Every structure is written in structure tokens, then in C-alpha cells.
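What follows is a short report on a single structure.
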Amino acid sequence: MSMYGRDPWGGPLEINTADSATDDDRSRNLQDFDRAALSRPLDETQQSWLLGPTEQKKKKYVDLGCIIVSRKIFVWTVGTILVSAVLAGLITLIVKTVPRHHRSHAPPDNYTLALHKALMFFNAQKSGKLPKHNNVSWRGNSCMQDGKSDSSSITKDLVGGYYDAGDAIKFHFPKAFAMTMLSWSVIEYSSKYEAVGELNHVKDIIKWGTDYFLKTFNNSADSISRVVAQVGVGDTSGGSTTPNDHYCWMRPEDIDYDRPVQDCSSCSDLAAEMAAALASASIVFKDNKAYSQKLVHGAKTLFRFSREQRGRYSAGSADASKFYNSTSYWDEFIWGGAWLYYATGNSSYLQLATTPGLAKHAGTFWGSLDSSVLSWDNKLAGAQLLLSRLRLFLSPGYPYEEMLRTFHNQTSITMCSYLPFFTSWNRTRGGLIQLTHGAPQPLQYVVNAAYLATLFSDYLDAADTPGWYCGPNFYSTKVLREFAKTQMDYILGKNPRKMSYVVGFGNHFPKHVHHRGASIPKNKIKYNCKGGWKWRDSSKPNPNTLIGALVAGPDKHDGFRDVRTNYNYTEPTLAGNAGLVAALVALSGEKDGIDKNTIFSAVPPMFPTPPPPPAPWKP
């Protein structure tokens, strides 16, 4: 019997047990084989099988304590680090020793330079105890008895606020409009204010005004019956020689005569404008929750009062009717309602602001050019643009769409009227638009128009709309900015007289500004009521520069008389400077556009949130 196996070298191996050799024979045969095999050189495979692994060269290592690495790798790593350090040192040395040419930043544009100055005007107009950082060296604490000296006043603390113009009267109607305009500009262009380092400054200016307004009525109540309209008087009709804020020419710091307080019980226009000022400021100060809520509550109280006790604030006031006469309160209802809606998100205010009856009474459907001029008296153009913003970005639809579309269309028509392609408004030979038909003191209206034009242009850009239609013609938003720039450039000195109408800006500006504080030197001499007349009538320039003041402006022939006694040329106002600041910040710096969302921070979603998807089905 034989057995077959497999030869590990690849061939069959036959084992015959019958013919097998003995163990000794096999052992001898194997020894012979081994000697024969070892007498020949072996290839690598045979060596590895028969002789086992050969001894390799021993590697060298470096013990680093936490790790053991090859000495070769260690040497290469250390060498690389040293070489890199040397190269880095050489490069640093070269960079520091080779002279470099720094790329200078572009100088601030004229609008930014003028903006810094225009804000300073409000520091010069502050009444009461001035803060240490007021930065107007010739001003000091003044009229510290306001409210206390009048026994009939509804509040005994009326210290603070702002003087209206070149006198020391505190007219609350134009002052409230000025604060609303400043707040509007901050809401839209806060990044620009911040970029030029003026955000905190303008917020301080607004707060100085709103803190004072909170004193003029019972701001903790939900319902009121009276509000303070004015502090000080200026009526000199009939040859009156009673010392007051117009008859006397005195520094506010030296005033020693009585300053009567006027309040009113039916003053819808005043209360609604003050409500707009507080509501808009509440958005500016939304990060200060307690103060913002206080402003909102005050705005609600004032607006309720304005709606419940109808009447024009100037109807029963000789001073107000002469200096700041209000023609109606319907525009303030729309204006105040719009701001309260943005401040609270309460749709009842939006419903009121878009009521067709209010729009009709305010002049929306009249098509009158005069009703499209934004001013301390007429808020319609501003209210229409403010509500057009809502349509452009949120599009609330029914039931507001019809009136919002009307406001948007009227805003578009107003913008068309600004363009030189049309003859809606006359212009002086120097290019100044005549929004007052040639009447005196034109600049406060021009700056408001420049602000509205720039803002509408930025609204359209933010809504990815390249322009708008004037009849069949389509105009780019660029033409609106161009209009605004030409008007502001005129004011800053690009006019036939080469004169800047902003005091302190440029080399040639008015030196005889109609302003008591600026015209009387701070020399420790107290000039009495008539004693200051010599400074009023002096032909010398003002000893104090009223930096940033926008004077009343030139006449319809581009003429200007730098005479202190002629207020139609040389008197500045709070309302005028607020419009100036708004227009300057809108045009200043790079064209960054508006802040689309902040004004809507309190507005709830227009449409209900869709329900969540159903839960996954489980068997």
C-alpha cells in the first residue's frame, strides 16, 4: 500500500512503506544532502528559509522624555525650525528697515465736516444746568427758575430743553419737530453717525430734548388734560416795553425778568408732534429698555390727549400764532400715528394713520405743491414717506394697501417736483429751489427736501428698485441724490456769493448772526435788558462763533445781508438745524444706505406664522 502527499517544493511525493529505508539510512542520506546543499551558494529565498532572518543594522533613537524618536528625524526637525527662525528674522528685519509709503485715508467729505459743526449748534442752544462736556465755552447755566416763577404753571420744574433760535424762548412745537427729525435720521443712518464718531453726541442731543418734554405733562398718567406749550414770551406788539425774550437783548445766563409759562387744554397738533418725538426717540433708545418704555408711555398719553381734546395750539396764543402758527392738526395725526405704530407695533395706530378721512383733511388728495413741503408746520410729506417705507419693505396688504399705495404715489410725485426737468418750483439763478415761493428764511425748507430726496433714494436702493416713474418717464435714484447734493452744496458755499450759510464751515460765512448769546461777549459784565442793545446794533462781528448754525438764508435773487438785526437773513432755528443734520448725515461718507430693520423692531410679523409640520407617522 502506498500513500501520496504533496511535495512542498511543488511536485508529488510518493511514500512506499514497503521499500522504505531504515531510520539510520534516512539519517545518513539527509546528512549527505545537507552537505551537498550547503556546498552550493544559496539564493535569498533559500537563505531566509534555511538560515532564518539576517541581523540588521541597529537604528539610533533619542529619548525626549515623553516620546522616543529617531535621531535622524529629530535632527531634521530641529534643523528645520532653526532655519525657519533665521529666515523669519531676516524677513522681519528687511520689512522694518525698508522705508514704506503709507496709503493715506481719503479726507472727510464736506458733508461729514459740516455734520460735526451742525451738531454743535444744539450744544449752544441748551437751557438749564449744562453738562461739563457741552464744549461751548461762552455758554453757562441759564433760566434755572423756569416753571417755578409762574404760579399758574401745571408743573414747577421746566428747567432744561432748548432755546428756539436767537432768543431765549422755548417753543415746544418746532422743538418737538426738531427732535423727531433727529431721531428719524439716527434710526435710518446710525452706522454713519457711528462711523464719524457722532452717534453718542446726537443721542445726547435727543435725550436732552426728550427729558425736557417728559416734564411738560404728567408723564406717569394714562390720561391728561393739559400740556405746557411754551416758556417765555416774545410779543412786542402795540409798542410794549415789558421786558421779555424779544424786547430784551441779553445773554440767557443774565436773564432776570419773569418768564411766563403757557399751557393748553386743546392742542392736538402740539401734543401729536410731541408724541411723535417721544415715540421716535423710543426706537433710538431701544437698548435702554426702561427709558424707551417711559418714552412710549408718554407718547401714548400725549397722543390720546391730542385725539380727545381737539384744537390748534396756536389758536389761543398770541405768541404761537405770530411766530409758529399751526395751520391744522390732521397731518400731525398721521405723523404721530405712524411713529407710534413703529414704536409699539399696535395696529390700531396704523389703522388711524391710514384712515382716508385723515388723509383728505391733511391735503393728500389736493395735489397742492405747498402741502408737499416738509416743515415744522406741515408733516404730510414726511408722514407719506414714512408710511411708504412700510409698503416697500413689509407690504402689509389689506386693509392698508390702498392708502399706503396712495401715500407712495404722492411721495413719488413730490420727488418728481424736486427734479430740474420739471418746472414745479422756481429756482434762483444760483440753483436754490424756492420752496417758499421767494419768501424769506428758505433754507430750513430746502434741507428738509434734501433729506427726503436722499432717504427716498436709499429706500428704493434698499428695495432693489433702480428708480421711479414721473408720468411716462423713468428716473434713476441717482438724480434724487444729485438734487440733494446740489442744494446742500449751495448751502455750503457753492453759490453766487461763495458764502457758506453754515456758521464756522469754510472761510466765508455769516459773522453777524442774529443770536443774543453769540453777540454779547462773556466778559463778566451783566448787561441788562436795554444794555445789550449796543451789541445788537453793533456793526462788529459776533465775539462768539455760533458754530454749526444754519442761518435763515439768502433771498430769491441769491442776495444775502450779513446784518444782525435782520433775522430774515441771519437767524438760525432748531428746526432748521435738525433738517440740516439729517440731510448731511444722509449724504455723508460712503453710500452705505439705510438701516432697513431697526425701525420695525417693535412691529410684529404681518402674516401669521404657518403651523408646524405634522409629527412623523408611526405605525
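Heads up, the Cβ atoms here are built off N, Cα and C, so glycines get one too.
As given in TrEMBL:
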- His514: active site (ACT_SITE)
- Asp562: active site (ACT_SITE)
- Glu571: active site (ACT_SITE)
- 111-584: domain 'Glycoside hydrolase family 9' (DOMAIN)
- 1-27: region 'Disordered' (REGION)
- 73-95: transmembrane segment (TRANSMEM)
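Between the listed active-site residues, namely Asp562, Glu571, the fewest other CB atoms within 10 angstroms of a CB are found at Asp562. A simple way to gauge crowding: the CB of His514 (active site) has 26 other CB atoms within 10 angstroms, across all the protein chains here. Straight-line distance linking the Cα atoms of Asp562 (active site) and Glu571 (active site), rounded to a whole number, equals 10 Å. With respect to their backbone Cα atoms, His514 (active site) and Glu571 (active site) stand 5 Å from each other.
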